[in-house]
Every structure is written in structure tokens, then in C-alpha cells.
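Structure, as C-alpha cells:
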Amino acid sequence: MADSQDDKLYKAEYAKSGRASCKKCKDNIAKDSLRMAIMVQSPMFDGKVPHWHHFSCFWLRAAVQSPSDISGFTDLRWDDQEKVKTAIESGGATGGKGGQKGAAKGEKTLNDFAVEYAKSNRSTCKGCDQKIEKDQIRVSKKTVDPEKPQLGLIDRWYHTGCFVSRREELIFKPEYSAAQLKGFAVLRDEDKEELKKRLPAVKSEGKRKADEVDGGVSKKQKKEDEKLEQNLKDQSQLIWGIKDKLKKFCSINDMKELLIANSQEVPSGESNIVDRLSDCMAFGSLKPCETCKGQLVFKSDAYYCTGDISAWTKCVFKTQTPDRKDWVTPKEFSEIPFLKKFKFKRQDRVFPKDAPPAAATPSSGSTTSAATSVSSASKNLTEAPADKPLTGMKLLAVGKLSKNKDDLKKFVEDLGGKITGTASKAALCISSKKEIEKMSKKMEEVRDAGVRVVADDFLTDIKESGKALQELISLHAISPWGAEVKVEAPAAAAATKSTGAHSSKSTGKVKEEEGGSKSKKMKLTVKGGAAVDPDSGLENCAHVLEQNGKIYSATLGLVDIVRGTNSYYKLQLLEDDVQKRYWVFRSWGRVGTTIGGNKLDKFYDKNSAMDNFCGVYEEKTGNAWASSNFTKYPNKFYPLEIDYGQDEEAVKKLTQSAGAKSQLEKPVQDLIRMIFDVESMKKAMVEFEIDLQKMPLGKLSKRQIQSAYSLLSEVQQAVADSSSESLILDLSNRFYTLIPHDFGMKKPPLLSNVDYIQQKVQMLDNLLDIEVAYSLLRGGVENNEKDPIDINYEKLKTKIEVVDKSSHEAQLILQYVKNTHAATHNTYTLDVEEIFKIEREGEYQRYRPFKELPNRQLLWHGSRTTNYAGILSQGLRIAPPEAPVTGYMFGKGVYFADMVSKSANYCHTSQADPVGLILLGEVALGNMHELKKASHITKLPKGKHSVKGLGRSAPDPRATVSLNGVDIPLGKGMNTNIDDTSLLYNEYIVYDVSQVNLKYLLKIRFNYQTSLW
């Protein structure tokens, strides 16, 4: 598995055997010789593996910028450290095996820079994003794509001028010259001369003169650097002197006993034992971690803790100055000459200049701000996406904008995005209406690619506004074309060859570059209590064993944000449908990808198969299969309360045959189909990053969702209290394990900011309603007399009638829709397709006591289509007690609006799915507590019955009409002259669901703007 503290792209060590072969030349790497690796994503499990190379072959594939990029560099012998440094400084040229000579005499070719004549006009300059014409000179900086490191160095091409202007940024060092570029020798003579002028080497004399200008400061710095270098050399020789003697004079058992005698944990592997022992003998025995009492271990730039702060999370403590005690050699080792003569001398370990100082991660009692308490130990943690709103997006700029190209590029990159020059690669285009009218060739490419165009003030708004990305895109869209913008997920590692089969064992496959992160669709065959995993190849001839009411099937999860892992493990005991044959099938990998593998073990008696199943389960979880109380252990999997879609087939049959015998009016039939549309539910879950393979619709338990709410409450409180990053990390790991997410190859993001936590709260709100809808669908499947649509209609326990659009009440509602469409919601218009009158069973009786309150209004409430089965069957609900309070502007209540488009925005429709549902409810507001800014209401002031958030615009009160004693504020929007409010439009909140009586349900079509004129 990937090391929890080491996420570096490269690794160096001495070969432990002579079995490994070089990935470049395919020859074996001799034992004890220096070998270098590029770390790549394993296709077999959720972690990284080294691709080893001979030292000389390595530099033909890697572009190392600094020794600190290499894990294990400081553990090398001094001479080998110098060798690596020299290779880095010379651009990877080693002069050894595989080395290449440059064009100029005595100069070596730089392996990570190249020059050539462009072979076509398809390449794009990485500096200016413009095309490089065929036969034009282009210069490349070779880099490793972090998502596909196994591909080695990849050319990133530049125009000559663009490369020259970025010389320092591209680390083309002053001492490098054009003559050292790979391919320089084959250029035409005149081009060679021109390139030499533009990319000259800076002479060393010039450097010395510059140093003299700085005077004593540079001399002093140089002296300090030389002293540090000598100290590092002496330190390396001391450590390796100890290592060599330990290997020569001590057995492995002797070394283990020495570690135990000095209260140190004994690691696995001879090299690890020697490393730890030499460190302790040189600098002193390490005291336990001050945070978790775990074992500290030296790794390249600091001492890292290998312990755990909880059963869910590894400790992230690291330091360069650990507490130590004197090394003690037990008397029984006095017969070993080396140990008898060894005299311990206390000293501190010296670190290279480029090693960042390691600050210890604050413990749970720290008062450090949560925003800044992330230690360097966890610098690679992925922050919540809300921090950089354009993360994963490529933008194209067309025409003259308010910012020049360089400023725009920096601005976009600061927001997490990238600028591209190719329309087909862009998610969004920044331009102006003038450019659209002009319709240049570039804008034609944008239109043909279907890329939405937004005005350039979109960038300013997204930086300063707290609004959602999609909402801002809709607000600033200026093109008559363009689909809903999707954020691009980083590509996974390139696919490797696989011999996957349904036999004894299969290898995994890494996703294709453009494959995104969606799990493959599987047809699940349900037999008895659970579905047989189709990857077993036995779905047609076997079933999952069920004994004493227990189904022998388990899905396990393990998330570690520090490691970047998001793993699953599936286990099933299968019994032949006819014969007495048994199999234990297991599969594993990374959630949301095809990374992983599987294994099928065959047994001829039940007891042997059960023993194997129980043994694997206990190995992976630390718990016995028969145990009733599960205990989570560090680095062990956690069982998820899910299954492979029990009742899925029955639900499909129910929905597919719907409508043939229905007694309902056609518009009501269509409404029921819409509310119970399983595909819409699945789309919603995918939108929430839920992994449908591990969390299918059929098994969204309320208990699981409520536990997830509680975790979000805890993490929200931790962020608010500026708790330690370790606590937030722990809660994040637990949340993602409980609710499996599909992040593809991205690291699971830390739940470290309020906006991202609120996104997850909204996700759980919607999952609760989806759970209700699916539970209703599964119930009452047996009735063959009634039409499935009628059965589902009855489950809602709501009387639904179609309202004639020519009726008085319908005309009032249509006027209400027309007049209260807010001016700022100008990216769509609304058409009312159907109006339904609704009457929820028992709701009027509940509402009757509040009917006596003054100020009853008919107000809007919008929600996703997938939520309406829950809303109609159970009513509008207040967020559960487990849910965090953050994100609710006026506390936990039921929210309404008097502007139709304010509520319509919560329908979450799109151009691809433009039909939504919106409610009109009679709300007993009584005496309102009026507010202009956020206030977390837990109890209303005495004499108040509701809260009104005052907006800057509202329906003209003079046009309010009454229908059966209920006010309908259907006037056109007007300025309220309230300027000191944080709300654009009014909000109404009640804190008792009994104050709501749902009256109408509207089916509305969103007409997204298709024309600018």
C-alpha cells in the first residue's frame, strides 16, 4: 500500500534482491545496487507501487527537480547522494548506461529538454495557448504527468519565444545552453545560431561577480552551506558505518533484541530494522509520539508517527526534533566486538537545506485556527472543493477582455482552473456579447463544440460571491448555446494489460484517460437474500449462502485521506444451485474506478467454505463474523449496511408495466411516473458523488443517513471551534466510509470548510427523500390486480386532482407565476404545464389549530423531483436533530418564498432535464419576527410565530389578492427600499410543520434562454 507519510513521485534505495527488472531496459537490477523508481498507481489495489529502473535508465524517464522529490534520498550513501545531485543538476544526463551526447563538443544532452521542427500544426504552445504551425521550431520541457507517471517524460511544447520568456520558471538553469537541447544537432545551421543567441549559457565568472556585489552576505551564506554539506556528509558516513557493522556482526534476531531493549517497535524487513537501529544508535532512542504514543520513524525530511489517533485515522504528527533518550546496549551483547566498543554520543540529526521544517500537528486541545492548523505532515490532503471553485475546469478566452492574457491566466489558476486554447477541451468560454455578434472563427469553434460563453465579470463574481458555480454560470451566460457545465475529473492512470477472468484470480484495470470515474453497470441476479456478484461468473448457477438467518455476503469500506485511499472489499460465500459445491468470492479495489482485482476459491464442503469466509472477514475487519457488536480497528475495514439491490428486479417490473390498467387521469399518471422515476434517483445520487455500486438505491438505510448527519454536526462544530486538524481528518474518514463516495482517482477532500459541509448536508437531505421514494416503490409489489401507477399513487396518501387552467384559482396561480419571476433570474422563463390540487391525508387536521392565526399566505417551495415522494407521503419536514445547524440562514425550519423563481432555483433542473415540480402551500405565518441578516433561530421570541427574512425586492403589496381567506402576494416585483439587508428576496420560515397546509403542486417547464435577442 502507499506509505501514509510519503506521497513522493520518486523513490531511491539499494536493491534487496536481484529479482527486479528495469522497466526501461528490461535487464535485472543487481542486488545491493542503487535503483530508482517512479511511483505509479497499482492496477491491482488502492495504492501505489514502484516501477524500478537502473540508475542510468531512470533519468531517461524522470524529470527530478530536487533531491527532496525522491523518497529515501537521505538514506543513500553519501557518494550516491552526490551522484543523484549531479544527475539532477545536469538535467538528468548521467553519462552512464543510456546517456546521450549533445551536439556541442564536451556538452551533454539534457534529457528533459528538446527542440525540433513541429511535425504538424496540431500541437498547442503551453505558454500562450496558441497553435504551433507545422515546421516551426518548438522547444519542449519534458515533465511527468502525475496522473500517468508510468508514461515517463512527456513533451510540453512551447514557441521558442514563449520558452525563452519562461526560462527560469521552466528551470532551464543559467548554466544550460541551447546546444544541450535534445535534437539540437539536427537543426539547420542558421536555426542553431539563432537558438544559441536566445538561450545562451551564463558564464561562471558572471556568477562570481554577482556574488562579489553581495559582499559578505554571500560569502557568509556560502560558508554556512559548506559547513552544512560537511555535517551531512559526516552524518551519512556515521550512519552507514553503523549499518555496515550491524550487517557484518549482528544477526537479525540480535538486531530485533536491541530494538526491544530500547523500547522501539520492531518493523518487518531486514533493511527497515537496520535503518531504525542505526538511527537510534547514532542519535538516541526515540520516545513515543506526544499525540498518540505511537512509534516515530525517520523518513527523508522528518520523523513521522506510525500510530493512530483513532480506529479510523492515522496520526499525522511529524517533527525534526523528536524527544529522545540515550541508547543502551544490553550487557548480554558485550561478546559482539562492535557493540562492546560502541560508545553512544548524543547529537541531533542534521537535515538538508531544502527539507521543510516540520511542525508538529496540534493535538485536540489546540486553539490553532482550523483554517491554518493543517500541518506540513498533511500538506497533501485535498481541501474541500469549495476553496477553489474552478478546480478541474479548463477555460477558453476569446476576444478583448478586461484582463490581459497573463493576468487572466494567473487569475484562473488561482481559482483552481486552467486556460486552454482549444475549444473542444474547454468547459467554459470567457468572452463578450460583442464577440458573439462578430462570430470570429474562434467563436465558431466554441459554438460548434457546444461550449457555454459567459461574460468576464463571471470570474470576479465567482471569487467574491458565495453562490454555487452552476448558479453563477447561469447568471453570467451570454451565449445561445452550451450545455450544463460539468467539472472534469482528473484522468486515472493509463490502462494496463489485464488477464482478468472469473476463475481463480483476476488483475485489475486502471481507467482509460477519458473514462472519468463512473463504476461499470452490472446486471444483478437476486437469489434469496442477496444478489450474486456477477464478477464471480457464477450468477447463473449459484446463490449466496444463508444460514440461521444470516446472509454470507459483506461489503467493507476503508477511507484514509492522508494516504489518499478510498478502498472497498467485497466478500461472498456462494452455494451451487444443484450440487454440493461452494465458492468464496472476494473482490477489492478503489471505489468508483476499475482499479482492483478478485479471487474465487472453490470448496467441496460447506464447513471449509464457511471457515475460509469467516477467516477472511476477520483478517480484513479484526472482528469475528459471528460477533454481534462490531469494533472498528486501525487500518481495518468497516462493514457497510448495504447489498446488491435486493428487490431491484421487482421494482423494475413494477415501473416498466405501469399505466396499462390505471384508473387515474393521464396528467396524474405522468406525475406519478415522474415522482417515482428510478433513473432520476440514480442521476441525483451520481451528482452527489455517491458510489452506486457500494450504495445502491435499495439499501439507503435511515440509520446510516442519521449517523452521517451526526458526523457532519461533529465536524461542523470542530471547524467552528478551530479544533485540531487531526479531529477533522478523523471525522472526514468516518463520514466517507459510512457513505461511500466516488471520487475517481482524486483524494477524498477534507471536510474542512462550512460550504463543503453544507453541500454534504444537502446531499443527506435528498438521500432521505430518495430512501422514502424507493421504500415506497418496494412495498406492495404482490398486488397484480391494480396498475402499478395506481399502487404507487395510493402509497403517497395524497389526493391529487388536475385543476382546469381556465378556472379562477388556476388563473390566479398563473398570474402569480408570471408576476413574481425575479429580475436577476433571467437565464430561464417558466411555463406551467399542469396544476394539481393536492390534499395530504391528515394534514388539514394537523393544520386546523393554526388556521385561526392571522397572516396566512400562499407561498412557494421548490425541491428536486426525487424528493416529492417523501414530501407528499410525509409532508415538508424540518432538518433532523442530527443535522448540523450550518447552512440554514435562519436555523432549522421550513423555508418558503413569495417570488416563484427563488423557489424554482431549488428544483435543480437543467437544459437536458428542464421539467420540475414546485409547491404552493398555505402557511400560517401569524406575527412575523423580521430579520435582515442571518440568525440561527432555535426558539422564536415570545409572541412570534414565524421569521421573515426581508429582501430588497418583493411583490407589490397593493396587488395582493385573497382566495378562501388566504393572501396571495401576486404583485409584480418592486423595490422595498430596504438597502441594509443581506437578502435579495423575501424568505418565510416556520419552525412547526403543523403551520403548513400544502395546496397545489405545479409541473413547470424551464425554458433556458436560447437566444440573446
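The backbone N, Cα and C atoms fix where each Cβ goes, glycine too.
As annotated by Swiss-Prot, domain 'PADR1 zinc-binding' applies to 219-353, with the evidence given as sequence analysis. Within the model, the domain 'PADR1 zinc-binding' (219-353) carries an average pLDDT of 92.
Summarising the annotation, Swiss-Prot assigns domain 'BRCT' to 385-461 and lists sequence analysis as the type of evidence.
The feature domain 'WGR' is assigned by Swiss-Prot to 541-637.
Annotation comment: Swiss-Prot describes 661-778 as domain 'PARP alpha-helical'.
Annotation source Swiss-Prot lists domain 'PARP catalytic' at 787-1013, citing sequence analysis.
Swiss-Prot lists Glu413 (among others) with the feature polyADP-ribosyl glutamic acid, giving sequence analysis as the kind of evidence. The Cβ of Glu413 (polyADP-ribosyl glutamic acid) has 13 neighbouring Cβ atoms from other residues within 10 Å, across all protein chains displayed.
Marked as polyADP-ribosyl glutamic acid by Swiss-Prot: Glu435 (among others). For Glu435 (polyADP-ribosyl glutamic acid), applying a Cβ distance below 8 Å and a minimum sequence separation of six or more within one chain yields Val398, Gly399, Met443.
Proximity of Glu444 (polyADP-ribosyl glutamic acid) to non-local residues of its own chain (separation of 6 or more, Cβ distance below 8 Å) is seen for none. What Swiss-Prot lists as polyADP-ribosyl glutamic acid is Glu444 (among others).
DSSP assigns Glu445 (polyADP-ribosyl glutamic acid) to a helical segment in the three-state reduction. Glu445 (polyADP-ribosyl glutamic acid) is surrounded by 17 other CB atoms, counting those within 10 A of its CB over all protein chains shown. Annotation comment: Swiss-Prot describes Glu445 (among others) as polyADP-ribosyl glutamic acid, evidence class sequence analysis.
Per Swiss-Prot, the feature polyADP-ribosyl glutamic acid maps to Glu464 (among others).
Swiss-Prot lists Glu471 (among others) with the feature polyADP-ribosyl glutamic acid.
According to Swiss-Prot, the polyADP-ribosyl glutamic acid annotation covers Glu484 (among others), on the basis of sequence analysis.
Among the features that Swiss-Prot reports, polyADP-ribosyl glutamic acid is placed at Glu488 (among others), with the record citing sequence analysis.
Positions annotated as polyADP-ribosyl glutamic acid by Swiss-Prot: Glu512 (among others).
If you look up Swiss-Prot, you'll see Glu513 (among others) marked as polyADP-ribosyl glutamic acid, on the strength of sequence analysis.
Positions annotated as region 'Zinc ribbon' by Swiss-Prot: 284-326.
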Glu445 (polyADP-ribosyl glutamic acid) and Glu413 (polyADP-ribosyl glutamic acid), distance between Cα atoms, whole Å: 23
DSSP-derived helix, strand and coil totals, residue by residue, for the domain 'PADR1 zinc-binding' (219-353): 63 helix, 16 strand, 56 coil
DSSP residue counts for the domain 'WGR' (541-637), split into helix, strand and coil: 16 helix, 44 strand, 37 coil
